[in-house]
Amino acid sequence: MLFRLLVPLGLLCALLPLHHGAPGPDGTAPDPAHYRERVKAMFYHAYDSYLENAFPYDELRPLTCDGHDTWGSFSLTLIDALDTLLILGNVSEFQRVVEVLQHNVDFDIDVNASVFETNIRVVGGLLSAHLLSKKAGVEVEAGWPCSGPLLRMAEAAARKLLPAFQTPTGMPYGTVNLLHGVNPGETPVTCTAGIGTFIVEFATLSSLTGDPVFEDVARVALTRLWESRSDIGLVGNHIDVLTGKWVAQDAGIGAGVDSYFEYLVKGAILLQDKKLMAMFLEYNKAIRNYTRFDDWYLWVQMYKGTVSMPVFQSLEAYWPGLQSLIGDIDNAMRTFLNYYTQFGGLPEFYNIPQGYTVEKREGYPLRPELIESAMYLYRSDLLPSSTWQIKDLRDHKLDNRMESFFLAETVKYLYLLFDPDNFIHNNGSTFDAVITPYGECVLGAGGYIFNTEAHPIDPAALHCCRRLKEEQWEVEDLMREFYSLKRKRFQKKTMSSGPWEPPSGPGTFSSPESHEQAREKKPAKQKIPLLSCPSQPFTSKLALLGQVFLDSS
């Protein structure tokens, strides 16, 4: 029965050797295929139980064998599990679920939804599935990946979140009604992660749709948090998005803050943005200076740096993986081994001075963070060749909930540990060339960026649908330079005949609409400058890129 899955971490295959050369319990070399099958069996046990007992609700309640809506009413487990199906190789079920989602999910509903959770689970899940559709054998429409039903669904969901960003600070509310926008009595207090965890999904959405509004609001929110840091370089846990004043001033790397730091790094990698990485590196210095004690990271007062909570949270286990992404491998290994050797499995809260779990927070809700860090370190070939086992936590009661992140994250990272040949791990040796309306595009070459719900985003896709706009800007810059030179020469020749007037006619730097108006006037005779194509819209001149001729007359 599914509730057996909720027995903490012993259920995760007794957690299995990580390294190809690691000895098995009987001294023999382990077979990765064996462990992959065990992870698959665990996934389908949970997934099938959701379909049988909980669909179309968001999540399964495994003890009562029914479903309930938790974060909206989106059949959330299906969205969260979609890309995991493909990673496990089940293309037929992926295709079936895509059809189900298109016909059953509606975002025009009177539901109060978490802005943060809807973004990472729904928008992120749909974007990832959209970009993986062709690999899954889905018949994609013309213009993909710049168009498609899953992309339109992701955009529709994200637009429902935009009213939350309409605040004096640009930092979003934590909750929004999908039909009516922000409720009049909505609390303005939002956690730091709930403000700074949008750039991966929203920048991807802007790049694919051509609408900059998503990336713009995400960047503003990141910038406002950066500007709100204390004099010693730390941010707190909760802030008032109307006034910009910190409400909870505890600074750390765990719950309420975690994915803000994660998205500075992943956003920097995804967008090749040096400013985002510089922000994180500055934070990292302050975190090491004020919150790190030995290999633990404590909670401190954001303005003074004094310890406020000497507590470890299981969510903090993402940190070694993040350290590995910035190349801080030594510290990543030290932190990871500290977490692993202390517990084998992670309780939600652990009191560091007392060396024991915090009362009522002893549970393990199948969180993926330690496994996530293990995968990053394993892909760096830096985990030791030894058997890694996770023991059951003692005195653990069963919980009547299976979070959708179990299928989205926990199983996915675990499976990828034992599937080194998975397409997710592609090193660029293979790729797909796709013809889009904007030219040829390379996809599937690897380097996937996982959002904080483990939905992989292909970074190459961000360049598939914006090349035309960038090239247009390049042409516009060239034309400005051209007319600037022409203007200087013209001024020298006509200095005595009065002030210079900008040239008129179809050769002038202008919009496509201006060219249409010029064609309608049909002047009798005119000398057409070299970079002008009056019979075509402006963007058609891109064929001239690479060889630009300036008027030498």
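Using the three backbone atoms N, Cα and C, a Cβ is placed for every residue, glycine included.
As written in TrEMBL, here are the features:
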- E117: active site, proton donor (ACT_SITE)
- D258: active site (ACT_SITE)
- E348: active site, proton donor (ACT_SITE)
- E369: active site (ACT_SITE)
- T452: Ca(2+) binding site (BINDING)
- 513-523: compositional bias 'Basic and acidic residues' (COMPBIAS)
- 494-532: region 'Disordered' (REGION)
- 1-21: signal peptide (SIGNAL)
Residues near T452 (Ca(2+) binding site) by Cβ (under 8 Å) yet at least 6 apart in sequence within the same chain, in sequence order, are I120, G124, T197, V200, D258, S259, E262, Y263
Spacing of the two Cα atoms, E348 (active site, proton donor) and E369 (active site), in whole angstrom, works out to 11
Other than its own, how many Cβ atoms are within 10 Å of the Cβ belonging to D258 (active site)? 25
For E369 (active site), which residues of its chain lie six or more apart in sequence with Cβ-Cβ distance below 8 Å? S314, L315, E316, A317, Y318, G321, L346
Which residues, sitting 6 or more apart from E117 (active site, proton donor) on the same chain, put a CB under 8 Å from its CB? W71, G72
In all the protein chains shown, the tally of other Cβ atoms within 10 Å of the Cβ of E348 (active site, proton donor) is 19
